[in-house]
Amino acid sequence: MLINMKALLKVAQDNQFGVGAFNIASAEFARLVIEVAESLQSPVILEVHPDEHAFVGDSFIAYLRELAVNASVPVVIHQDHGQTLAHILTAIRTGYTSVMIDASGLPFEENIALTREITAIAHQVNVSVEAELGTIGVAEGSAEGGHSEILYTDPDQAERFARETGVDTLAVAIGTSHGLYPAGKQPVLDIDRLKAIRQRLTIPLVLHGGSGNKDSEVAESIKYGVGKINISSDMKKAFYVALQEELQSNGHEPSALYVRPMAAAKAVVEHKMRLFSSAGKAGLY
């Protein structure tokens, strides 16, 4: 069932669970995420970064739409970290049901202006809009980018931003980074800041850089308004570590090589869906 982000997260917010947004850049990842979602009867978000879209092409988005339409669970196809109007228009043209305009690197007033413009365009065609306020850090191996220094979201600015832009969801900076954290380093989420933001906003919040965080902190963040949790590195690492091992022993036949890597990635996806309490919630839609 293909739906947009606003509809998906409204149910999640009303029933106090989160939904995983998994970065997809190949058919293998698309299949394994949908298969886990259907087995757990969990709603799910498939997201594609503009760089990933450029790599896989428009036809891949058509493939994702086919998977979503035929899935037994609610599925959103979301553009991750679009930074220009051209990115947004490409996403709308090729069939995404949700887009993100990431103008967090711009001055606050310019972020508001661009986000407001994008929101007005997207809403005309029933496409949901996510924006970002504050900046997400960047660790190792991230395709999603990020900033060398985290600029935490100001709760008062967040209130004004949401009111003046009309966005459907807001990604907030509370201490996470994209990518894999170095050994021995684990982020600490600023839950008090999240609480303050939640007191001022009614729209669902988004946690970027969801890999590598303590399960307990992620679960707590859902209590305070986080409805969408982005997952990329944890899933991809499990897949490619297993694939490297398979390449050493099982030749080069894809049908054999991908069995264990897909199982390894599926285990991560299943863990995340259970952690977010989205398992078993598809029947609410």
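Cβ coordinates come from backbone N, Cα and C, glycine included.
Fair warning: this is a prediction, and the values are worked out from it, not measured in the lab.
If you draw a 10 Å sphere around the CB of D80 (active site, proton donor), it holds 30 other CB atoms from the protein chains shown. Residues or ranges marked as active site, proton donor by TrEMBL: D80.
Neighbours of H81 (Zn(2+) 1 binding site), defined as other CB atoms within 10 A of its CB across all chains, total 27. H81 (Zn(2+) 1 binding site) falls outside any helix or strand according to DSSP and counts as coil. Sequence annotations record features per position, and here TrEMBL assigns Zn(2+) 1 binding site to H81, H178, H208.
Marked as Zn(2+) 2 binding site by TrEMBL: D102, E132. Annotation for E132 (Zn(2+) 2 binding site): spatial neighbours M100, D102, A103, S104, L170, A171, V172, A173, V206, H208, criterion Cβ-Cβ under 8 Å with sequence separation of six or more.
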So how many other Cβ atoms are close to D102 (Zn(2+) 2 binding site), meaning within 10 Å of its Cβ?
26
Could you tally the C-beta atoms, other than its own, that fall within 10 angstroms of the C-beta of H208 (Zn(2+) 1 binding site)?
28
